[in-house]
């Protein structure tokens, strides 16, 4: 139809055919190209080349992931429906006089306060808080039962107050016996017992807890309010010592609590001694002798003062008069020497354990300084060594972290290393995609080293066999002509030197100096350690080698220059013309055979200088032997013949195929390409 014919003509006019002819020349002006079609063709060719390169690498190494994009993830519709259906919780408000404030619902309180079926006594902080409450009740009974029994502080007017506090303490004991202790987990034969009620009832602790809450207070109706009937409350000592252990386990500086606890033991013993002294004074009669309490002043403070002077054996006390007083004083002295020496020794152990690390640090510093003084180390070096010791101790509280971690089992050591170092190592592109267990093994081998300000981490030109990960501080990469220009500053979390781990030939050379800017704490992983790890992970080793080659190629590329103009038309389908070899340029020069003509000219000048030197030595020989006129050229020819073997004669000016031989031979070393060989031969004279 006419419409189809016109449409065909329009398409032909939009996309003119490309005709390549060698014999015919186009008539009129040059051929016109469609810029849009040209750009599309270039884009298609570029994409095809990139895709071909990717698939070529995929065939060479199947470890590399597929170039196809991963399918997009979609959220489940069910989750969206649940979120949409979730109704907002109602707000709860509390009206109080003239103000109105928002409060959480009671349901949340109940969920938070609800006790679990079993309690882990090592990790549950709520259980530790409950033990503290029971310990307060236990200390109330231990301190005030002897006080109320001996001193006349409990009177009929205030008995009701003592009774109320006693009931509160008994309720704490009862709740601990019924609610908390049956839920605490037990460890028996290495197994964690979840159903703990049966095992708790069969333990000695359960029997002591039952005795401690036994209601001997009923005897108040027969003997009156005698505090001695509550002496069984002091049998709940297991809870007191358990609280001490759990509290020390969660405290950062447990030695502080140990010092306070030891001081409390001393004060409690003095308290018991004061109560015994008042009881003895009451037995003998208040003010009956000079040794007993005279009844003046505050009775408790006076008795406590006597107990301190007697138990610590200060002296200066009144001499006992009766036999009872002498025996009491002797027992008091004996008990004071034993108890006081024990408490002093315990206090020394507590303080010594708290400062053991500091003492070890000072011992190491003193030994190092003594060693440097023995060998006359310069003061500058000694000051740097002292600075390193001080900073290392202040920053991490120990000189070598590995000594502490080596005491732990391997699994715990790995767990600590993962929490501390995994986030840093995971940032290294070189290890992305490797086996996770291989990275875990590598975390156990990292070494922490502290560099002082100005220390060289690595120097330009040295063989690199380590990878560095910055844990804390900064380092500067120096370069430039004089090596003092700061190229880049690397901070915490940065990684450098990772290519050295997998480089062939023992490691690649450093291309710049890296200096610590301030105090820098670095993790180091050497090549030998990594090779020992990769023996068990061949797939990860293959992937690391592939990535190392890619990174080496990227680092070896020249810096980007000005953009190269892309050829237009069909010329883009063919690759760019390769550059002429440098040896050809040097030989041929910039214009044709100019370089070859220079070589021939230099050769000619050399030969002329040699002929002049020969002509200067000939006159002396001609004076002794005259030359024959018939054949003047014959004798010189014979004399020059043996010299031709050592030095070539004058070369002809003309250059032919026989006088110039150019050949290309493969290099004996792999990776150096081919060798260009040029030979110049002279033609023999006829």
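Any Cβ shown, glycine's included, is placed from N, Cα and C.
When the ranges 196-216, 217-237, 238-258, 259-279 are checked against TrEMBL, the one recorded as transmembrane segment is 259-279.
Mean pLDDT for the domain 'Cyclic nucleotide-binding' (430-534) in this predicted model: 82. DSSP places the residues of the domain 'Cyclic nucleotide-binding' (430-534) in helix, strand and coil in these numbers: 22 helix, 46 strand, 37 coil.
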